[in-house]
Amino acid sequence: MTRARMPRPHEVAAARRDPRLLRALRERRHDDAWRTRGTCQSVDPETFFPAPNEPADAAVALCRSCDVQGSCLAWALEVGDCHGVWGGTTPRERRAMLVAWRSEVQPDPDALDDAGPPVRDRLLTLVPSS
Ligand code: SF4
C-alpha cells in the first residue's frame, strides 16, 4: 500500500478557489438532513467507491445533480476521511481541499463524534433496503 503524497502548494491554492469548496463552506451546518436527500440514495453504493484504477466519473456526475452536494462535501472534509466520492470530489481532490478547509474552518466536534462507523457503512445507510 502506498501513502498518498501531500498536496502541493499550487494544488491547495486551486482548491481554495474551487466552487465546490466554496459551496461547502457556505452550506456547512445548514442542512442536517442532507443524508436523507442525497441523489445517491437510489444508486448502488459501489458507484461511489471505485477502485483506485477505475474512473470516478459516474459518481462525480451524480453528485453534480445532487441538491445537498455542499453539505455532503462539508461533512466529508470535517470528518477528514478520504475514501470514495463525496460532494462531487475524488479523494485526491479532497486532499488538497482538506488543507484549505482546515485553514478556514474550526473543527466541529459534533461532526467528528458523528463519524462513528466507517464512512462506507454510513453511505450504505443512505440506500433504502429492498
Ligand atoms: S455522495 Fe453526497 S453529493 Fe454525492 S449524491 Fe450522495 S449525498 Fe449527493
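Cβ coordinates are placed from backbone N, Cα and C, and glycine is handled just like the others.
Here the structure is a predicted model, which means the values were calculated and not measured.
As given in TrEMBL:
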| type | residues | note |
| --- | --- | --- |
| DOMAIN | 39-96 | domain '4Fe-4S Wbl-type' |
| BINDING | Cys40, Cys63, Cys66, Cys72 | [4Fe-4S] cluster binding site |
| REGION | 106-130 | region 'Disordered' |
Around Cys72 ([4Fe-4S] cluster binding site), how many other C-beta atoms are within 10 angstroms of its C-beta?
26
I'd like to know which of these binding-site residues, Cys40, Cys63, Cys66, is least surrounded, judged by other CB atoms within 10 A.
Cys66
Taking the centroid of the Cβ atoms of Cys40, Cys63, Cys66, Cys72 as the [4Fe-4S] cluster site, which other residues of that chain lie with their Cβ within 8 Å of it, listed in sequence order?
Gly38, Thr39, Leu62, Val68, Gln69, Val85, Trp86, Gly87, Gly88
